[in-house]
């Protein structure tokens, strides 16, 4: 670092010195030009001379230039070029006034070459500036960031020795690792594949939601393969200059050929691989030119032996079909959200360098985080570690992990916010309404936690978690989901006798579920098993702006009626449940007003009519028994959870943790009030 700082200082000092030299010569030029100011014509000079207005003259070395001064009040300086044939006669012979001071400039004793020094220095300075500009334009010796290197690839080359990520650092994706391990094995031992006549895939596309570990898998491939690894982002290809993207693609593959066998990884390839179209302006698109060059390099007339292209995207629907065909991206690997077992394995990876207390159960934690991807779980463990440090604890406990889950989902608590008692009451009944309706809806998930403490933009929340990972949502479950979401609004109507803006998000989610049931899932008895509306964008304008409508206005009217019927049915069912269990609604709301937060076990005890004191005594007895059986805790627990091999993980679809918000701070409503 010291050497870099010294170089920076020397570079800045050189720049300042050069600037001072330039300013010096600029000042000399200005002074020289000022000396030549006041130039007059020969006729004017002759007129002044005859009229006795000249006080002194000085004849320069060249014998033609005459400088002088007028005898006016301003002592005006002048300079004139007089023909040599008239110089002696006009000034010396016809001198009208003997008092005029005539002076000859003496010949210079300085060698002529000295007068050339300023010009030589100025030329050297200009040459120096040109050299510095060329060095900067060529990237200063590296980085390919210079003006003259626009066409050079910006891919970063990672050598095998610099790769520290391996497949041991990737968990919860056994099938995905298996697909990529085959690529690694081919790079290490290509002979057995070639003898069998097999062709290794030229390209592998990693597809999946954000945070599932696509880039991490690519890094692991680089670490395991032991070959050069070029990594670049899709956005690095396209610049403001025409032809730069295609040039960079060519340069990237030229570099890869020199380092073959190797791997090229393009992250976020949708930035350059978006489906081609006419575009809004109808003109030529620089991105399309880049894509065309990429298509040619992947499978054209050229031969790219030993080069494997790995790309990642979370938008496979917008990629060009020519890019996805066999021979280019032969294999697409779906990197989805892990199931409960996969989440447990991911958690084991992320707790290697963390100190956990004995009460931490990663299996329980994995079950309580459905829908969490690898990035979410890493963030969860980091939040728990920060909470433990904030509380001055030596280890991370289950309490910190539970709080971290809620923080990741709903945001941090805002206990300091002053809330009016009437608002607390509305929030308590709103959340209690959600919980009671979910409790008595057979297809709803169990309630995990209820709180009226503000978090994020919400004034309270009701969290319910699924008992297991599911791949599908039945019609009955979707209907009960709508009933649970409307429980808060119905509770307000029954208890308060008025409704508020707190259920705005609930209503939005209910409307979305009902509309998807009718238009996408074919769950409408009246309209039948038909999908309404196109699920893809218009190809002509680049697949993102316009959607086609393939149904009539009459059908649109029926769709709206069916959506309204589903929502009304859910509202009536929620109203019936709360009316039948009004005593339980009051009981849960009362405890919420006292404690502000109720766990799932406490909620079940309240609904079943059991006193909370018995539940607390039971929990204290369990904690005491644990404390008696706990052995001495070692500070360093690194390596306890290292073994994550040999686990078979089933790939399931993503399940999201549902939280029903209550009383989100409706800033839009406040702005409307101000406008009124």
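The backbone N, Cα and C atoms fix where each Cβ goes, glycine too.
Zn(2+) is bound by 430, 434 in Swiss-Prot, and the record lists one more residue there from 330, 339, 358, 506, which is 506.
When Cβ atoms from all protein chains are considered, those within 10 Å of residue 209 (ATP binding site) total 15, not counting its own. Surrounding the centroid of the Cβ atoms of 208, 209, 210, 211, 212, 213, 214, 215, where the record places ATP, the chain contributes additional residues within 8 Å, namely 206, 312, 314, 335, 373, 374, 375. Nearest in space to residue 214 (ATP binding site), taking C-alpha to C-alpha distance over the recorded positions 430, 431, 434, 506, is 506. Confidence across the topological domain 'Cytoplasmic' (1-9), taken as the mean pLDDT and rounded to a whole number, stands at 51.
Every protein chain considered, the tally of other Cβ atoms within 10 Å of the Cβ of residue 211 (ATP binding site) stands at 19.
When the neighbouring Cβ atoms lying within 10 Å are counted for each of the binding-site residues (212, 215), the highest count belongs to 212. Considering only the recorded positions 430, 431, 434, 506, the residue whose Cα is spatially closest to the Cα of residue 208 (ATP binding site) is 506. Looking only at the recorded positions 430, 431, 434, 506, the one with its C-alpha closest to residue 213 (ATP binding site) is 506. Cβ crowding, taken as the number of other Cβ atoms within 10 Å, peaks at 434 among the binding-site residues 214, 434.
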